[in-house]
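Participant: The structure follows.
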Amino acid sequence: MSQEFNEIDANTIETNYDNVVYSFDDLNLKPNIVRGIFGYGYESPSAIQQRAILPITEGRDVLAQAQSGTGKTATFTISALQRIDENLKATQALILAPTRELALQIQNVITHIGLYLNVTVHASIGGTSMKDDIEAFKSGVQIVVGTPGRVFDMIERRFFRTDKVKMFIMDEADEMLSSGFKEQIYNIFRLLPETTQVVLLSATMPQDVLEVTTKFMNNPVRILVKKDELTLEGIKQFYINVEQEDFKFDCLCDLYDSISVTQAVIFCNTRSKVEFLTTKLKAENFTVSAIHADLPQSDRDTIMNEFRSGSSRILIATDLLARGIDVQQVSLVINYDLPANKENYIHRIGRGGRFGRKGVAINFVTDEDVGMMREIEKFYSTQIEEMPANIGELFN
């Protein structure tokens with residue numbers, strides 16, 4: 001499977017590190033990593049990989065601003081695998097992610113790219129058996145991918161010994177720091193060896209993220225995509241003025257009458273709205289799955305697998321799941337509610353066109369939402385057009 005990336009023009013990247021490597025063969029990687037990279041479907045590095053893998057494998061602190069669909073997960077996966085001492089049975093790399101789903105996806109990428117290496121990886125996440133965590137740490141698992149709460153708990157209980165950790169990677173740092181994990185993350189930082197390398201990936205650079213860079217990073221290499229380039233290429237963005245909340249559902253049904261879509265993700269701002277919309281759509285005979293943070297992990301896994309396999313055509317989700325829904329065939333994202341946090345907009349609509357695939361995002365905008373939509377346009381230097389009457393043609 002060949003991987004395509006959203007093209008990023010070199011002129012849109014600001015960096016204080018000038019070494020750009022255009023081939024995986026020139027990155028001085030272990031031969032079995034290169035074998036795993038090609039086996040996974042990568043042919044040449046994406047823009048972020050060309051610039052970030054080398055400084056990370058050299059042990060430098062790195063701050064990379066990259067959105068979904070740019071190959072950022074493989075960037076730190078490849079780098080972590082390169083830095084692991086395969087003979088040392090102890091945790092050497094810690095990767096934090098804001099959601100369980102994202103942590104499991106990262107674990108999956110590490111497993112695939114590290115297929116030909118003797119490296120162990122474990123996901124330490126909430127909603128799973130603590131016994132599995134304890135056994136993994138006792139066995140000397142080398143890479144841990146986890147969510148902040150569970151990881152901190154394991155460190156506090158002294159099952160996770162941090163003395164051999166040489167790499168700390170934070171993915172979606174902006175989301176983690178704004179989601180109430182800040183204190184746990186700071187506590188984790190303080191329990192790691194002082195010499196630990198820090199790699200931070202974030203789609204946006206709010207104050208919380210910049211604060212971490214000054215407190216915990218040492219002269220980091222910065223690779224920043226300019227803000228006005230952050231909206232994913234290939235996503236057509238539209239809005240429908242629904243005037244008021246009560247009109248949204250009828251509008252959604254009308255929309256489905258006029259388009260033919262394989263699969264869609266619909267985002268709502270609250271769990272209660274997700275449940276309300278699911279019930280209403282099922283009553284209209286739509287095949288719908290719903291997913292939110294309060295569901296048990298096993299249910300969430302089942303629902304995601306159903307959606308990936310195509311047995312469910314519509315996935316309704318809250319913002320927590322905006323990061324980590326990796327479904328290749330999604331061609332339409334509907335923001336039933338505009339996100340309350342404008343920085344989440346990119347993560348929602350980015351689902352529709354991962355790795356350069358085209359996608360359509362449709363925003364339902366009430367009269368009260370117009371101001372927020374203008375803020376989103378300004379924040380991303382983008383334009384959200386009114387939905388044309390011939391919208392169906394985009395899906396033929």
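Even glycines carry a Cβ here, placed using N, Cα and C.
Dumping what Swiss-Prot says about this protein:
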BINDING   A66, Q67, S68, G69, T70, G71, K72, T73  ATP binding site
DOMAIN    53-223  domain 'Helicase ATP-binding'
DOMAIN    234-395  domain 'Helicase C-terminal'
MOTIF     22-50  motif 'Q motif'
MOTIF     171-174  motif 'DEAD box'
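I'd like these features described in context: how deep, what's nearby, how far apart.
Facilitator: DSSP assigns G71 (ATP binding site) to coil, not to a helix or a strand.
Here the domain 'Helicase ATP-binding' (53-223) returns a mean pLDDT of 92 for the predicted model.
Here the motif 'DEAD box' (171-174) has Cβ contacts under 8 Å with residues 72-73, 76, 95-98, 102, 106, 200-206, 208-209, 212, 323, 343 of the same chain, all six or more residues outside its ends.
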Participant: Within 10 Å of the Cβ of G71 (ATP binding site), how many other Cβ atoms can be counted across all chains shown?
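Facilitator: Result for G71 (ATP binding site): 23 other Cβ atoms within 10 Å.
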